[in-house]
Amino acid sequence: MSGYKNNNLVKLCIMGDGGVGKTAVTIQFISNHFVHYYDPTIEDSYRKQCVIDDQVYMLDILDTAGQDELTAMRDQWIRSCEGFVLVYSVTSRSSFDQIAFFKEQINRVLDSDDVPIMMIGNKSDLDDERQVTYQEGKDLARCFGMSFMEVSAKTRSNIEEVFNETVRCVKRKYDLHNKDKSKDGKDIKKKNSIIKKLNQKVNNTKNSICKMM
């Protein structure tokens, strides 16, 4: 969580199969326009300042490639980020099936199941071409403990909400982490205080015995 602690900089990683519209989602959020055609991404980084729940954040967004041969690079991307947006296309059953692979990779690289992840089904405007229902997406997200939304990079539907909610997930984890650290610190102080009192009682008992002798 080092980035979040640094002036509310939040590092997010966009992951998913090739062709699902990761770049279109990112550019729509950053620049408020829809890109129809673009070269396949290997790695692009974007920054945007935004206000979420009356708090100013600087989002550092890493748009990544979906190709299998870039797995080693993807490990590096994962290590550098705090929150994740996993993208599939509602018009592609295979991209939906790949979500489990990306989720497992994140958990493996970070060695944790407690990672802020938002799963999104892009291209919700193409309902006639839909292969994955909203309920299927919702059920998978619930199974994996992820937040979920359907979006459209073309119409901008839910684009702002996706990034806002992902930042909230990162913040909740950071706040909980700090709360746990504070609790641990208080528990240690309490334990040390008890030990100190016990030692004082032992010493007092020893002194009493010595005086009696």
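Residue positions begin at 1 at the first shown residue.
Cβ coordinates are placed from backbone N, Cα and C, and glycine is handled just like the others.
Taken from Swiss-Prot as is:
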- 16-23, 63-67, 122-125: GTP binding site (BINDING)
- 38-46: motif 'Effector region' (MOTIF)
- Cys210: S-geranylgeranyl cysteine (LIPID)
- Cys210: cysteine methyl ester (MOD_RES)
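Feature map: Swiss-Prot annotations on the structure.
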{"residue": "Gly16", "record": "GTP binding site", "DSSP (3 states)": "strand"}
{"residue": "Lys22", "record": "GTP binding site", "DSSP (3 states)": "helix"}
{"residue": "Thr64", "record": "GTP binding site", "DSSP (3 states)": "strand"}
{"residue": "Ser124", "record": "GTP binding site", "DSSP (3 states)": "coil"}
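On the 0 to 100 pLDDT scale, the model's mean across the motif 'Effector region' (38-46) is 76.
For Gly19 (GTP binding site), the number of other Cβ atoms no farther than 10 Å from its own Cβ, over all displayed protein chains, is 13. With a 10 A radius on its CB, Ser124 (GTP binding site) counts 22 other CB atoms from all the protein chains.
Counting Cβ atoms from all protein chains shown, Thr64 (GTP binding site) has 23 others lying within 10 Å of its own Cβ. Of all Cβ atoms in the protein chains displayed, 25 besides its own lie within 10 Å of the Cβ of Gly16 (GTP binding site).
The local packing around Lys22 (GTP binding site), expressed as other Cβ atoms within 10 Å of its Cβ over all shown chains, amounts to 27.
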